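What Swiss-Prot records for 17, 19, 21, 28 is Ca(2+) 1 binding site. Swiss-Prot lists 69, 71, 73, 75, 80 with the feature Ca(2+) 2 binding site. Per Swiss-Prot, Ca(2+) 3 binding site is recorded for 113, 115, 117, 124, and the stated evidence type is sequence analysis. The feature domain 'EF-hand 1' is assigned by Swiss-Prot to 4-39. Under the heading domain 'EF-hand 2', Swiss-Prot lists 56-91, citing sequence analysis as support. Residues or ranges marked as domain 'EF-hand 3' in Swiss-Prot: 100-135. The domain 'EF-hand 4' feature in Swiss-Prot is assigned to 136-171. Swiss-Prot lists 1 with the feature N-acetylalanine.
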């Protein structure tokens with residue numbers, strides 16, 4: 001479940017393919033703009049935040065389409081996305097990622113940091129995990145957090161934005177299945 005191939009499939013399926021049709025298209029990113037606005041506002045709708053999220057997600061879609069829509073049909077398949085990630089991200093640090101990817105990762109952090117304190121603690125990590133997958137035992141989630149977070153993270157009270165960016169970059173760019181970053185989105189299941 002922690003292979004690079006499965007992790008990239010996981011990102012497509014659970015992070016971007018919000019309409020669950022099996023590929024990425026402009027609609028996914030329009031829906032993500034609204035979703036992120038509501039999560040960031042804890043259910044409150046803010047027009048300015050929505051306009052900002054629409055711009056961010058439109059830019060992200062345009063960049064993903066440019067990098068990954070190899071046949072220019074307006075859809076990015078999992079295989080196309082994997083090829084693009086391999087070309088642009090594998091073996092690279094967060095600082096060298098395309099600008100839209102960096103903005104998306106920072107925004108993703110904001111949706112996980114529900115209390116807005118600048119850290120993702122175990123409580124927020126648990127909420128993030130259960131929003132995408134089914135778990136019957138909290139120990140499974142907590143064990144994953146303990147494998148993800150370093151002693152310094154735990155001492156600070158959670159994972160900072162800079163650390164989250166580093167972990168996200170490793171999640172999609174590092175083929176090493178033993179890296180602690182493989183637990184960024186919780187215990188993973190095999191993506192079909």
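Just so you know, glycine gets a Cβ as well, placed from its N, Cα and C.
Distant neighbours of the domain 'EF-hand 2' (56-91): 4-5, 8-9, 11-13, 16, 22-26, 28-30, 32-33, 36, 97-101, 103-104, 107, 169, 172-175; these residues of the same chain sit at least 6 beyond its ends, with a Cβ under 8 Å from one of its Cβ atoms. Checking the binding-site residues (19, 21, 69, 75, 80) against residue 117 (Ca(2+) 3 binding site) with a 10 Å Cα-Cα cut-off leaves nothing. Each of the binding-site residues 80, 113, 117 was scored by how many other Cβ atoms lie within 10 Å of its Cβ, and the smallest score goes to 117. Using DSSP to sort the residues of the domain 'EF-hand 3' (100-135) gives these counts of helix, strand and coil: 22 helix, 2 strand, 12 coil. For the domain 'EF-hand 4' (136-171), the residues of the chain that approach it from at least six positions outside its boundaries are 7, 11, 89, 92-94, 97, 102, 105-106, 108-109, 112-113, 117-122, 124-126, 129-130, 179-187, judged by C-beta separation under 8 angstroms.
There are 17 other Cβ atoms within 10 Å of the Cβ belonging to residue 75 (Ca(2+) 2 binding site). Across the range of the domain 'EF-hand 2' (56-91), the DSSP-based residue counts are 24 helix, 1 strand, 11 coil. Apart from the site residues 17, 19, 21, 28, the chain places the Cβ of 16, 18, 20, 22, 23, 24, 25, 27, 31 no farther than 8 Å from the centroid of the site's Cβ atoms, the recorded Ca(2+) 1 location.
Cβ neighbours of residue 1 (N-acetylalanine) (same chain, under 8 Å, six or more residues apart in sequence): 187, 188, 189, 190. Taking each Cβ in turn and tallying the other Cβ atoms within 10 Å, the top scorer among the binding-site residues 19, 28, 69 is 28. The Cβ neighbour count for residue 17 (Ca(2+) 1 binding site), using a 10 Å radius over every protein chain in view, is 20. Residues belonging to the domain 'EF-hand 1' (4-39) score a mean pLDDT of 94 in the model. For the domain 'EF-hand 4' (136-171), the DSSP-based tally of helix, strand and coil residues reads 28 helix, 2 strand, 6 coil.
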